[in-house]
Amino acid sequence: MTSDLHLTWHEHRVSREDRERLNGHRGCVIWLTGLSGSGKSTLANALDHLLLERGVRTVVLDGDNVRHGLNASPERLRETHGEEFARRFGLGFSAIDREENIRRIGAVAQLFCEAGIIALTAFISPYRIDRRRVRNSMREGDFIEVFVDTPLEVCERRDPKGLYKKARAGEIKHFTGIDDPYETPESPELVVKADGERTPQALAEDIIAYLVGRQILPPLDSNPTD
Ligand SMILES: Nc1ncnc2c1ncn2[C@@H]1O[C@H](COP(=O)(O)OS(=O)(=O)O)[C@@H](OP(=O)(O)O)[C@H]1O
Ligand SMILES: Nc1ncnc2c1ncn2[C@@H]1O[C@H](COP(=O)(O)OP(=O)(O)O)[C@@H](O)[C@H]1O
């Protein structure tokens, strides 16, 4: 298989299919993308909860949380690892830092997917090329792109963290939707309107119906542990 830097890929004895059989469902990545405040985290949580009730194995990777650990900022890393490390590996919000943020998250999500788990990711992921690279790194059908399509005006009105206000005042630079781009998905698997017309639970149920239709999940009335 692939070999670089004298590294060799190992085939493991327990396969993905073995794990999926044990779990009673397939693994995949549900990639939520949309503006800050569009409703990604809320939807990921609603979906996670409904899936848990059905006995589905999931993990949630969420923007703010992952940026506290795996993808910590230079400021945070400086305290623990020093200046050079922070400069090289800390991530902010420049285009290249967002690219690396998404690359790392894509790789982690893929590991969960290969373990037969449903990974729910909630990142702005504003660049098409970064999302496409994650898609292309995975098996066909594993990457399910869900565009959380909430208009900027609605996100800005919600402004739960007060970040839009700061961005408008010039206190935060490169804020997505204000002075940084968001490239809308061209052909996502799903588009959800999280503008308040429907509850997060109803939106999550639509995604579950899609997963059943794709045979990633067993039909609603079957119990995976039977
Ligand atoms: N400049 C700038 N632009 C956009 N967002 C910003 C910025 N600075 C901080 N934040 C906060 O970081 C959250 C987005 O992080 P992500 O990792 O999802 O961003 S990205 O995918 O790398 O673009 C985002 O959280 P969500 O509101 O959950 O999307 C913001 O709270
Ligand atoms: N479907 C929805 N209908 C109404 N309000 C919503 C909906 N989804 C999210 N919200 C609200 O919008 C705000 C931002 O949601 P959040 O999930 O934090 O967005 P994001 O993770 O995309 O930044 C929160 O105050 C949340 O309660």
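Note that Cβ sites are derived from N, Cα and C of the backbone, with glycine treated the same way.
Keep in mind that what you see is a predicted model, and the values were worked out from it rather than measured.
For 26-193, the entry in TrEMBL reads domain 'APS kinase'. Marked as ATP binding site by TrEMBL: Gly34, Leu35, Ser36, Gly37, Ser38, Gly39, Lys40, Ser41. Annotation source TrEMBL lists active site, phosphoserine intermediate at Ser125.
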**Request:** Please check each of the recorded positions Gly34, Leu35, Ser36, Ser38, Gly39, Ser125 and report the ones with a CB atom less than 6 Å from an atom of ligand 1, ordered along the sequence.
**Result:** Ser36, Ser125
**Asked** If you check the recorded positions Leu35, Lys40, Ser41, Ser125 one by one, which have a CB less than 6 Å away from any atom of ligand 2?
**Response** Lys40, Ser41
**Prompt:** Within 8 Å of the centroid of the Cβ atoms of Gly34, Leu35, Ser36, Gly37, Ser38, Gly39, Lys40, Ser41, which other residues of that chain place their own Cβ, given that this set defines the recorded ATP site?
**Reply:** Ala122, Ile124, Val148, Thr150, Cys155, Ala194
**Complete:** By a three-class reduction of DSSP, Ser36 (ATP binding site) is assigned coil
**Asked** What binding-site residues among Gly34, Leu35, Ser38, Gly39, Ser41 are found with a C-alpha within 10 angstroms of that of the residue listed as 'active site, phosphoserine intermediate'?
**Response** Gly34, Leu35
**In the chain carrying Gly37 (ATP binding site), residues 6 or more apart in sequence that have Cβ under 8 angstroms from it** = Thr150, Val154, Cys155, Glu156, Arg158, Asp159, Pro160, Lys161, Tyr164
**Asked** What is the number of other Cβ atoms found within 10 Å of the Cβ of Ser38 (ATP binding site)?
**Response** 27
**Intrachain C-beta neighbours of Ser36 (ATP binding site), sequence separation six or more, cut-off 8 angstroms** = Ile124, Cys155, Lys161, Leu163, Tyr164, Phe175, Thr176, Gly177
**Prompt:** With every protein chain in view, how many other Cβ atoms are within 10 Å of the Cβ of Ser41 (ATP binding site)?
**Reply:** 21
**Fill in**
Cβ density check for Gly39 (ATP binding site), other Cβ within 10 Å (all protein chains) comes to 25
**Fill in**
Sequence-ordered list of residues in the chain of Gly34 (ATP binding site) that lie 6 or more positions away and have a Cβ within less than 8 Å of its Cβ, or none, is Lys40, Ile124, Phe147, Val148, Asp149, Thr150, Tyr182, Ala194
